[in-house]
Every structure is written in C-alpha cells, then in structure tokens.
Amino acid sequence: MSSSDEFKLYDCGTLLLDVTTSSFTKAQRRWRIAYTAIYSARAMLSLAKEIISRRASQHPSVIEQLHHYVALDIEPSGSQHWGENFLSSSFAPKIDQKILVKSLKEKDLVSLCQFGGVEGVAAALGTDPEYGIRNDDREVMKRQEMFGTNTYRRPPPKGLLYFVLDAFKDTTILILLVCAALSLGFGIKEHGAEEGWYEGGSIFVAVFLVVVVSALSNFRQETQFDKLSKISNNIKVEVVRGGRRQDISIFDLVVGDVVFLKIGDQIPADGLFLHGYSLQMDESSMTGESDHVEVDARRNPFLFSGSKVADGYAQMLVASVGMDTAWGEMMSSITGDKNERTPLQARLDKLTSSIGKVGLLVAFLVLVVLLIRYFTGNTKDDNGQKEYIGSKTNVDDILNAIVHIVAAAVTIVVVAIPEGLPLAVTLTLAYSMKRMMADQAMVRKLSACETMGSATIICTDKTGTLTLNQMKVTQFWLGQESIEEDLANIIAPSVLELFYQGVGLNTTGSVCKPVSGSLTEFSGSPTEKAILSWAVLGLGMDMEKLKQEYSIIHVETFNSEKKRSGVSVRRRADETIHVHWKGAAEMIVAMCSQYYESNGIIRSMNEEGRSRIETIIQSMAAGSLRCIAFAHKQVSEEKMECNDQSGKNHQRIKEDGLTLLGIVGLKDPCRPGVMKAVEACHSARVGIKMITGDNVFTAKAIATECGILGPDYHEESGEVVEGIEFRNYTPDERMEKVDKILVMARSSPFDKLLMVQCLKQKGHVVAVTGDGTNDAPALKEADIGLSMGIQGTEVAKESSDIVILDDNFSSVATVLRWGRCVYNNIQKFIQFQLTVNVAALVINFIAAVSAGEVPLTAVQLLWVNLIMDTLGALALATDRPTKELMQKPPVGRTEPLITNIMWRNLLAQALYQIAILLILQFKGESIFNVPERVKDTLIFNTFVLCQVFNEFNARKLEEQNVFKGILQNRLFLGIVGITIILQVVMVEFLKKFADTEKLKLWQWGVCIVLAAFSWPIAWFVKLIPVSDKPFFSYLKRLRIRFTIVTQAIYHRKPSSCSCST
C-alpha cells in the first residue's frame, strides 16, 4: 500500500467538506481563518486550485470556505511543488499540543480524525511527509522552545557533600572522631588550649583528610560514570530534514521530525505512523505484554517511545517529545541508582570482611593487653613515673589514658580493614571504561570489564566486524552470462525494467538527488547502498520515476532467519501485479524454475542449468564475494490472498515458480589489522569462531584471509560447518565437535545461541558479537555480549554488555586486553595493601604485648592508611595494558584472587618490614644512639618509605624489572612524588601534628637505605619458583589428613579397650 493510499483511508478533508457550514462553532471558524492567514499565499493558491478542480461540480456552495480546510487537505508526499513551497516557508504551527499529546496517549482515533488524520497533524506541525521539516538550526530551536526537548527530567547527580557525609557513616571513623573529641577535651584541660589541642586536633585533621580524599575519589568516579551513562543513552536516529536523510542525536529530535524506523530500532519519541509496511511493535517495556502489536495507518497509527520495532519498516511523524511522552513520565520517576556490584567486587567484599575480622581480633587483643598493663602499673609517663597508682590516680588521667588506648586500638582496625580494595576496583573500572571509550568500546555493564579478562572463546560476526562493511558490486551475472561493461545497453529493456523494480522497490534504502547538483546520495545499510549505487550509476535507474509508476502492495522485510526480502507491486499503467524477491543467492535460486538471459528470453532451469548457476555462485563466494540474487514473477490479485488460522485474509507474496533475474557479487574487504588482532587473541590462548549468514565458500575465504582458518585446513577437519548441519547434530555430537568448529556459515540466530550454550556447558567463558535484533538471545546468554555501534540495532545494544563503537574486531581484541588489565591491576593493589596490613598488624601487636606501647600513633597510622588506600589505589589501579598480558592464558572463573606468586611476594616484603621495624623498636636507641622520640620517628619514616619502594615492586607481579614502562604512567610517578613530599612535610614541619621529631640528613639516609632494600629482595624472591596449585589447597589437604588421623585414633580406642578386657 503506497503512502497516498494510506492517507486516503483518513480523507478527513472530504469529510469536513461534506459537513455544512452551520455545524462549525464560532471558535472553529476563527481558528481556520487564523490558520489560513499564517500560511503563505503561494501554498494556499496551489492547493486551492486542485481542490476547486475536484469539487466545483459537486460542492458549489462551499467553494468560498475552502480556505478553512487548507491544513486538512494537504496533498500527499508525492507532490513535488508541496516540498518546494514547504522548504521556502517559515514554521508556524496551529495545533493544540496538549490535546494532541492526550490523543496519542489514549490512542484516540476520533480526536486524530478531528485533527485531519496523520496528514492533517503533519500539515499543522509544518511537516512535509516526504521532505520532513526544514533543515535549519533556527527552525529546530524554535520547535524546541515551543514543544520542548527530547530529554527527561533526571534526579540531580550526587554532589561532593553527599560522599563526604557518606564517608562519615563508617563506624570506625565515628569511633575515631569520638576518641579525637575526648582526647581534645582532656588535652585542653591538662595542658591548656595552646598546647592541649595538638593530639586530639591532629586526629581530627587526619580523619577529615582521609574522608575528603576518599569522598573526592568517589565523586570523581560518580561523575565519570554519569558521563558514560549519557553517552550510552545518546542513540542516533535517522530522520529526513529538508529532503535529506541524516543521522541525528535522539536528544536533537523535535516535534514534526519524520523518523525512519527499521527492525530493532527503539522508538525515540511518541508519534504517528506515516507510511510503511508490515510494522510490528514490541511494547512489552511499556505494557508488559509480550505479544507484538500491529501498527498501520487505518486501525492503529500510534507509536510510543520505549517500544521497539519487531518487524517491518516505516516512517513516523514525531508528535511529542521528552516529558510529554509516556516513556518520559516513567523514566523521570526512576532514580537510576543501580549500585551495581560486579563479581570481582563481591569477591573483594568477602576478602575485605575476612581481613577486617583478623584486624578486629588483633585490635581487641592489643586493647586488652594495653588496658591490663596500664591498670597493673606496668606503664610509665614521660617522667618515668608509673601512670596508674591505684586510688591516687586522677580520674581525668585514667580516662585520658583509656581514650589513648582505645584510639590506638581503633586506628589499628582502620589500617587493618582494607577500605582501599573497593576503591581500587572502582578506580580501575572507571579508568579502564574511560580508556576503552577512547579505544572505541563503550561499557554498558561494569562486570563485563573484568569478565572479559577471563574470556576463552570469542564468537564473532563477519560483515562489518572482520570486514570493512564497505560493499561494492564487482560482479554481475545474468543467467549464465557475466556482464562487466555497458550494462544498460547489453541488457534487454524488458529485463532492465524488471531489475529497476527489483532493486528500487524492494529496498529499505533511498536515493537523494540534491538540488545543488552535487553527487547523488544513497542511504540505507551498506548492502542496500551498494546495490542502489550500482543500479542508479550502472543501470541508469530513476528512483523518482519508478515510485510514480508503481505502488507497493505488500512487503516481506528481511531478517536473519529468512535471509531474503520480498515485495509485491502494482504497475499503475496496466494494473498488473509483480512479485520480486531479493536475498541469499542459493536460497533465491532454489525458489526459481526459470531464468532470464540478457536478450530477454526466459529459459527453463533444468538440473544442468541449476548446477551451472550454483557453480557460478560458489566461484563468486570463493573469491570472498557476498552473492545476492534477484527473482521475479507476475501474478494475479487472487494469488496474493491467503487465509490465516483465524480465517482472516492476508497478503502473501508468492515464493515458488519464480524467474531468476540475475546475481550480483559484492566485495567487502577485510579490515586492516584484523589478522594481527586474531593472532593476538590466539597468542593469548583465546579461540576465535566466525559465525556468519553468508554461504560456506565466502565464509571460508574470509576466515582464511583473517587468519581464523590456518593454511593446514582440510575439508575433513570439521572446522567449517553450516548452521543447519550444526543444528541437526545430536546433543552429544554437538558437545564433541563444538571445540573443533572455527567457522559456521549460513547460520541463523538460533544456531549462534546453540553454539554459545554448548561452549558454556564445556566450561568456556564466551564473548559474542552481534548486531541484529535476533542476536539478542545469544548476546544475553553469553558471558560477555558485544554489540556493534554502527550496524547494531537498539535491541542488540540493550542486550549487550559492551558496545563496539567502530564495529571493528581489533576493538574486540582491545577489550580483551583491557579486561585482563583490570584484573591484573586489582591483584597488584591487593598485594601492595596486604603487605602493609600484615606488617602494621604484627608490629603493633608484638610491640603492645612486649613493651606495652604501639610504635605508630593514631595520626601516623591514619597517614599510612591514606597512602595505602587512596593514593596507592590511584597509582596502581591506573596502569595501562601491556603486551605481556596477551602472552598468558585466560584467568579461570574459580582462580583465587591471591595467587601463590602474590603470597610469595607479599610475605617476603612483610617479613622484611616486620624484622627491620622490630629491630628499630627494641634496639634502635642503642644502635643509632638517639632518644626514644627520634627512634619512633625513624620507625614511622622507614615504614612509610618501605611502602613507597614497595609500590614499585607491586607494579610487576612476576617480572623482575619493576621499572619497565614506568615513564608511560605519569600518574604513578606523580603520586609517588607527592607521597614523598608530604612525608617530608609530616616529619620535618608537622612535629606536633604527627608526633615526630626532625631527622638529620644521615638519619634520612638510613631510612631510605633500609626501605630501598625491598627492591633487591623483590628481585631475588621472584627467582623462587612457586606451584600453580593454590596456597590454601595445601591447608585444606592438611585439614583433611588431620581429620582422617583423628577419626582413626578415635575408632581405635574402643577396640584396644575391648582387647584388654
């Protein structure tokens, strides 16, 4: 059904003309007069002439009032002068937007008819159904001012203050603040306001510093995620403006725009069906109903934002945007605060909890020991006197001492609990997401970042992913004859006319001839554009003339399962009906019983002829060409009708007894760099499987060119199968052969889903690329779904975890590298932090038990915590991926976070730090001949510098050269430099704040030398080989053996007793 035929169904202009003048109210008359005044005289006169010529004989009494109905009887889109008038006129809408919005939401056909139907609404909105609105920025801005923008009201983003307040909800921080307040009060009471505030005030400042730095980091990441969310929501929409089809942002869509819709698209705003074919909508996101809704011009022309195109294609008139849409109202009520926890974050939460419990136990023991030592009189003040002397001790002094002890214990908890682990994950995920965006990959789900590092198989499409998706017709066969030059003169006019029909009418693309005389523009998919370009430039097809001579009756749209599209058209000159099919060559040929020759003669397709044509297709495919065939049949009206199960009549396009028109071969060259990307994946022990809808010969040619199939490939290897063959295997056969398969040709979306399921059952971590609506199940089933940003439908993108913005397989390999980098960066930070945790806990516990005091004060430990958690996370979580990451096998799903290599490294460093600091604690005064406060400062300074040097060691878990690539990470060097500067300030200038003493130059040298020993230790330790078996598995084995031995002893005792009796 053509667009003009659809508009006649409404013909509201005729309806209103037949109504007498007395039926209109005074307000309606004023409205029509005002509307007429707004429209230009040229448009009014041109329309009036046509109406007068049609109606003069029938309605002489109403001719005077025709100007009232100009807006309601606009000529259909085929009219050329309409577009000319429209493009030169200014926008002046005359429509009640509130009533229109209400009519849309309520699906009110009566109200729509009162507007003049869809055509009347288009005219009132100043839109030409064919040319769209004017392609003018001022026009767009004016429409946005009048009708609003296509954006939704969102809850305001969380500010910095929110994260600061959130940080204060931490129990340990609150306890420290209470201790700081008590210490401040007792200090001022004992030493006066000038001197007494130092200790309590120092704890306050240290706590606030930790809180603010943590809040700043979280705020920065929240802002980053918010930006990425906006980018992911920025869908591109195809519209026509000023007669030119163009892609615009969904946010730039305005009321009056004409939008092109195809399978898989999400409706960007509420609107009305202008014209199209076989349109089926999935409105489950709006209504919850899974059944598809049929949309047409007659019964249901309403389209709602948020719903998706399940089948067919159409053009839509945008009638309301943003908050005026039903989707906008719903989205504005959603906060969008998902608080998504990735699998790695969940594992880290468990690790944090376990370490925290150990820290609490140590802190409790330290608290008990210090309290016992204090109340038993085993502690002394600065003057060497006992601090507690029973009832003679002042209550304030007792409380002050208890506060100091509690603060020390709580600070140990602060250091012990690795709050930096969640921060490190957030930082590395945010950093990798930002970098991946620059590398043409947009992450939609955080978990995909880390899961990609474990991928063992990548199932990839061919077209546009491994190839450039820049199609060009390079071969053309008519019957059994190859035609290369002068096509329009060699081919018989009758056959040429049929080709024009088959190409120009059976397409979702379009041809635009600019008025300025510039080059003809082709729009649509790359395949459609290539065929249209070939037909217009090579065959001399005139698209405008074709549309005027034929009207479309019914359309069967292309999808991945059918691999073909069909159309039935009526020639206006003689009312004959023609059926055309276009699609995968071997499938179209199978539907044919005859074929055309170039001279117009029709030959019967016997077995020999069919075999020759199939050989031609195979030879074209072997040259890595995509083969598209065209077929035709003239039918009668009766043969177009068929009954469905409900008894209703439906249009059906004939699918057998066709005549083959010809076959075109489209060349789509491989992308540059694809072979290197495939090699990189293979070296990383990641298998590549190509799943394509093309025939087996094209698939093999491309797979060999890309390096997926090796030079030693042979037919019997089972590496190449067709979808139907794989589908027909028994479940056991599929499981046996799925690992060997490298290429699956002529596959359907169901075959892709089946392969993903088989691979997952075999224990693989599977990444899948997809671009079509039908790929959604496989994308959801896969561990990592990778959709295509250019060719991908919105349904595919919503089902995926990562969107590959340039549709390039090299970007898929980059995502794999980043996935491994995320996991590796987290492991670096865990090793670094656990080293500090183990050292700090052991030193404080031993010192508290043996000497009755902790060498590191609350402020000093908080400073170490700041270095460790925030600055350490920033330094280590932002390393870029290296080539070495792609030389290792994938990380297993169940592999422990802390590997044996990490245990080896961190225990060596922790033991060294414990040994050095305990020597300084007990022998430091005598070795260096310094007072106790200088000794404590030496311990604090050495401990901090050890962490600085160990940060370098943590950069490389296995490599001995820890400085490799360090100059590329300026952030790391900057953080190390800032840490050293701040440490110098702490020791030399903040004596009272940090409870330190100034150190001499040689004392600084001693601290640096002691800390620097961690480098050679790390170098030698990495020479020690470690087992691949997890460390804790040995403990489990010991526990099992101990259980067996105890059970054996338990069972042996009764028998020995019985013997003695």
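Any Cβ shown, glycine's included, is placed from N, Cα and C.
Annotation comment: TrEMBL describes 114-188 as domain 'Cation-transporting P-type ATPase N-terminal'.
TrEMBL lists 160-188 (among others) with the feature transmembrane segment.
Marked as transmembrane segment by TrEMBL: 200-219 (among others).
According to TrEMBL, the feature transmembrane segment maps to 358-376 (among others).
Residues or ranges marked as transmembrane segment in TrEMBL: 401-431 (among others).
Feature annotation from TrEMBL assigns transmembrane segment to 834-852 (among others).
What TrEMBL records for 858-878 (among others) is transmembrane segment.
According to TrEMBL, the feature transmembrane segment maps to 971-990 (among others).
Per TrEMBL, transmembrane segment is recorded for 1002-1021 (among others).
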With pairs 6 or more apart in sequence, are the transmembrane segment (200-219) and the transmembrane segment (858-878) linked by at least 3 Cβ pairs under 8 Å? yes
Within the same chain, where does the transmembrane segment (358-376) have neighbours whose Cβ lies under 8 angstroms from its own Cβ atoms, ignoring anything closer than 6 residues to its ends? I mean 6 or more beyond. 387-388, 401-402, 405-406, 408-410, 412-413, 415-417, 837, 841, 844-845, 848-849, 852-854
Per-region confidence, the domain 'Cation-transporting P-type ATPase N-terminal' (114-188) (mean pLDDT, whole number): 82
DSSP says what for the domain 'Cation-transporting P-type ATPase N-terminal' (114-188): how many helix, strand, coil residues? 46 helix, 3 strand, 26 coil
